[in-house]
Amino acid sequence: MSWFSGLLVPKVDERKTAWGERNGQKRPRHANRASGFCAPRYMSCLKNAEPPSPTPAAHTRCPWQDEAFIRRAGPGRGVELGLRSVALGFDDTEVTTPMGTAEVAPDTSPRSGPSCWHRLVQVFQSKQFRSAKLERLYQRYFFQMNQSSLTLLMAVLVLLMAVLLTFHAAPAQPQPAYVALLTCASVLFVVLMVVCNRHSFRQDSMWVVSYVVLGILAAVQVGGALAANPHSPSAGLWCPVFFVYITYTLLPIRMRAAVLSGLGLSTLHLILAWQLNSSDPFLWKQLGANVVLFLCTNAIGVCTHYPAEVSQRQAFQETRGYIQARLHLQHENRQQERLLLSVLPQHVAMEMKEDINTKKEDMMFHKIYIQKHDNVSILFADIEGFTSLASQCTAQELVMTLNELFARFDKLAAENHCLRIKILGDCYYCVSGLPEARADHAHCCVEMGVDMIEAISLVREVTGVNVNMRVGIHSGRVHCGVLGLRKWQFDVWSNDVTLANHMEAGGGRRIHITRATLQYLNGDYEVEPGRGGERNAYLKEQCIETFLILGASQKRKEEKAMLAKLQRTRANSMEGLMPRWVPDRAFSRTKDSKAFRQMGIDDSSKDNRGAQDALNPEDEVDEFLGRAIDARSIDQLRKDHVRRFLLTFQREDLEKKYSRKVDPRFGAYVACALLVFCFICFIQLLVFPYSTLILGIYAAIFLLLLVTVLICAVCSCGSFFPKALQRLSRNIVRSRVHSTAVGIFSVLLVFISAIANMFTCNHTPIRTCAARMLNLTPADVTACHLQQLNYSLGLDAPLCEGTAPTCSFPEYFVGNVLLSLLASSVFLHISSIGKLAMTFILGFTYLVLLLLGPPAAIFDNYDLLLGVHGLASSNETFDGLDCPAVGRVALKYMTPVILLVFALALYLHAQQVESTARLDFLWKLQATGEKEEMEELQAYNRRLLHNILPKDVAAHFLARERRNDELYYQSCECVAVMFASIANFSEFYVELEANNEGVECLRLLNEIIADFDEIISEERFRQLEKIKTIGSTYMAASGLNASTYDQVGRSHITALADYAMRLMEQMKHINEHSFNNFQMKIGLNMGPVVAGVIGARKPQYDIWGNTVNVSSRMDSTGVPDRIQVTTDLYQVLAAKGYQLECRGVVKVKGKGEMTTYFLNGGPSS
């Protein structure tokens, strides 16, 4: 079994957080449930407690049935790791699915009339984020793409001006005013193109340029209507249609401005047509058709602009959400890393995370994280008089006092280049020279000892208790690392560590060192003989020569003075910038500011100021996003990831991911195509004669499109339809290939409706009829001849032979075909190449029919009859031979150019939409990838942290930055505590070359502890919590929180007893397979304890109290291979049927005589 087998959990749901919780709403936690010491408290014996949530009894014990150990809710507490939604909605209150939550089921309830009208009005409103700052970011986000689009539009408009100039000047004498207008417009578009590409071009300038373009287009439209010869309500109708379309699609303006501009251009053309053709008998028919045509064009524009902008805003919002989650995770990871590296050295933590990441196969032995360091100094410090101090205060006050003292020691250790290893009760030990080797490691430990003695003097002064520090130092070799699988604590082992532990018996206020340490001091300190062997049997047995430090090194004094001077200078320079904080009270007997400085309380309070002044999370996200927008290059992104013409990703995996994107608005696209079809039908019925066949074709196409819309709507309407229909709907809507095919099919149906009526019209060339009547060749027939024969424009009756009606205004066929092509732009999910191919195929089909098919006669007849109409309007009569030429290019020759211009605009818009969508996808994918990397890193960190601290304790310290002297503790009413030690392991441990200087002995100890950890991980022992290991002693407890405490059944106590017996069995199994004879002593006790963490910056979870001390004594006074329990525990276990025997009265240090029992077995049943 691999060492991390107990850590890795199969990933069931990708949306799980690193805690193993699902992204979703959690059950609300109520702060008022926690009271007393059951809720975390942050107290200090040097100052008043932080005001907790109002509780009825803040200092009384809280029974566990009150759901203790619940964290107080507050900012930053209990934050899920999924994406946090923020108020980023639109001003029109459009509802979008919050990031990181499940998609909300569509609202299928019937809407009222006002509600439907409100939803419809929302479509025409400009979209805008509620936050002005976010809106500016959004505009910056798409600025480069809009700038590129606007530049291309200028080029298209310059080309369009050239086309209009050619159409006007080619057939007849051009009008100078209109030529000058087109020339000026072309020059202005070129100038605007240059302006758009300047580095100083900004968002405000873009809007100004857009409105200038609209003004120029309106002027060109007016000039074209006035210059038309002959005048006609349908003359040049394609031009305002084109202007309206590009207003919605290629101009970067808001929806409201686009709607107003599109309606304005449409109204302008209608007014001009009405004023210039007021005497035409067919004026109102054509004006009605023009109104429908413009309404359809504006509808297409809205159907294109609205989903494109909403998609862009949602993509931006999603990208921002991913960035927000990434920064949130990054912040949490920094806190995790800080907390993790405060407990484990960096090289150990990184190696553990690497092993979790690589997921190595099971090995015969668990991996051991041990390193050897040869030249280090080990310091052990013990508080002399601690028992007297403990007798004068409660357990909580004692823990708070130790916390503040050890927090000060941690600061001193950092200043003196020492690494704190562990805190064992009132014992503090640290090492200098690891993880980085130092030549002055002995000096560092001695200075650390001097500072510790100075610090304890303040405790002695303010408490009135005679406490001192016993400090012992030894230099030599250590093995450092962690053992086991759970609740890792960095530790050191070696014979030199054992020796250093015995060296602390040097006496109060003195530093006791060995000769090995003295040799590293280079004579910088005065010493005297220590005679350690007289006070400690181990030192006497090992013949260790010891010394006592008399005075500090002069060199070190000078260095410290210089450092203190620099710190004072820096503090003075910051004094005007930061308010000085002074605690409300210290120990009950003093408020001496010097004492505060000596204890380091001022400094520790400053440590948290950075957190207070931290940037607001929302502002941090916006600032990061702004920098990312400024740094990214659209052109470079396209070059690196997207093929130039096809706009497909260069990497196949990206293309596959993109192709799996589902467009939820596909049903709306088909509905827009149905709307365009209806408009085309209205135009055809208004302008052209129709037959029963045409009505049947229109009805069939209408039914096909309507059925398609309904099928697509089934996907969003829940389970009201048959399963087969739902499956068909999902297959269409959720498949890019199928939805593209259906989109092309819909456009094809609309195109058929636009050209179907052409085949029912009269196809007889009017020239042929007139030539027969006038005995002329068809080439010689002119408009004047037709005028003489009383032919006129607008007659529906057949002009020549045949019964088919005459289609007098084929310009509307062109307009309807343009509408059918524009309908393809509504389908935003179809690729630009697909739209280009579809446009060319449909356009080519139409041109073949126009130029080579029977309908060609319709367009030739129209050009002649338009000349007749012009002659009639001029009230002049001409001879057939002297007839003036028609002042315009023939419609069938204009049509290919018009189709080409529209195809170019359609392709540019499709390129813009697809390019934007792909770049948004790319950026969101990158943000998602970075977020996932952060989540993986967070998962690794949390797995490590949860093997160092309990989950709720780790969450407490990750919630916000903690001060060094800040305390986290809980009062627990009834906890069972176990100490299990291998009595003869010290005899087994030897340091020889054959066993790699003792590493192999530690490897076996690691296997033993790992087995114990695997057992405690079993479901039946879920109420147990491993506390720590102390050398070869294993410490565990049960009933430490609400989920594991059983007040009625006391199952947590019996679980610990079962675990103790299970360890005895496991040790026998280990002895059989390792050919050893290890003997275990286990001690059990129960009662109240205080559980908490000492050292907020270097947290170490532990439990304290008389219960813990007695449990330890049950182990130390026990008998090998037996489990010794106290009378309190005996009463609980005996009532449950456990087999126990009375040992008798045992003398226990600090407790006198106690009656104890041996646990022999479980219940008889």
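Placed from the backbone N, Cα and C atoms, the Cβ positions cover glycine too.
Positions annotated as topological domain 'Cytoplasmic' by Swiss-Prot, on the basis of sequence analysis: 1-149 (among others).
The phosphoserine annotation in Swiss-Prot covers SER53 (among others), and the record cites similarity to another entry as its basis.
As annotated by Swiss-Prot, transmembrane segment applies to 150-166 (among others), with the evidence given as sequence analysis.
According to Swiss-Prot, the transmembrane segment annotation covers 179-195 (among others), on the basis of sequence analysis.
The transmembrane segment annotation in Swiss-Prot covers 212-228 (among others) and is backed by sequence analysis.
Under 8 Å from some Cβ of the transmembrane segment (237-253) lie the Cβ atoms of residues 142, 146, 149-150, 152-153, 156, 160, 164, 206-207, 210-211, 213-214, 217, 220-221, 224, 261-262, 265-266, 268-269, 290, 293-294, 297-298, 300-302, 304-305, 811-812, 814-815, 818, 822, 825, 898, 901-902, 905, 908-909, 912, all in the same chain and six or more residues away from its ends. Taken from Swiss-Prot, the feature transmembrane segment covers 237-253 (among others).
Taken from Swiss-Prot, the feature transmembrane segment covers 257-273 (among others).
If you look up Swiss-Prot, you'll see ASN277 (among others) marked as N-linked glycosylation site. Sequence-distant contacts of ASN277 (N-linked glycosylation site), defined as residues of its own chain at least six apart whose C-beta falls under 8 angstroms from its C-beta, comprise HIS231, SER232, PRO233, LEU283, GLN286.
The transmembrane segment annotation in Swiss-Prot covers 287-303 (among others).
The topological domain 'Cytoplasmic' annotation in Swiss-Prot covers 304-670 (among others), and the record cites sequence analysis as its basis.
Under a cutoff of 8 A between CB atoms, and with a sequence separation of 6+ in the same chain, the neighbours of ASP382 (Mg(2+) 1 binding site) are ASP426, CYS427, TYR428, MET469, ARG470, GLU504. Residues annotated as Mg(2+) 1 binding site in Swiss-Prot, with sequence analysis given as evidence: ASP382, ASP426.
Residues or ranges marked as phosphoserine by Swiss-Prot: SER553 (among others).
As annotated by Swiss-Prot, phosphoserine applies to SER573 (among others), with the evidence given as a large-scale study or a structure entry.
The secondary structure of SER659 (phosphoserine), as reduced to three states from DSSP, is helical. Cβ environment of SER659 (phosphoserine): ARG736 lie under 8 Å away, each six or more residues apart in the same chain. Among the features that Swiss-Prot reports, phosphoserine is placed at SER659 (among others).
Residues 285-286, 288-289, 292-293, 295-296, 299-300, 303, 694, 698, 701-702, 705-706, 709, 743, 746-747, 749-750, 753-754, 757, 761, 805, 807-809, 812, 815-816, 819-820, 822-823, 826-827 of the same chain lie 6 or more positions beyond the ends of the transmembrane segment (671-688) yet place their CB under 8 Å from a CB of it. Residues annotated as transmembrane segment in Swiss-Prot, with sequence analysis given as evidence: 671-688 (among others).
Residues or ranges marked as transmembrane segment by Swiss-Prot on the basis of sequence analysis: 699-715 (among others).
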*Can you name the far-off residues of the same chain, 6+ from the ends of the transmembrane segment (836-852), with a Cβ under 8 Å from a Cβ of it?*
744, 747-748, 751, 755, 758, 817, 820-821, 824, 830, 859, 892, 895-896, 899-900, 902-903, 906-907, 910
*Looking only at the topological domain 'Cytoplasmic' (911-1165), what is the mean pLDDT?*
87
*Between the recorded positions ASN790, THR916, whose Cβ has more other Cβ atoms within 10 Å than any of the rest?*
THR916
_Assess whether the transmembrane segment (179-195) lies in contact with the transmembrane segment (150-166), where contact requires at least three Cβ pairs under 8 Å among residues 6 or more apart in sequence._
yes
_Cα-Cα, whole number of Å: THR916 (phosphothreonine) versus ASN790 (N-linked glycosylation site)?_
58
*Between the transmembrane segment (150-166) and the transmembrane segment (894-910), are there three or more C-beta pairs closer than 8 Å, counting only pairs 6 or more apart along the chain?*
yes
*Reduced to three states, what secondary structure does DSSP give ASP426 (Mg(2+) 1 binding site)?*
coil
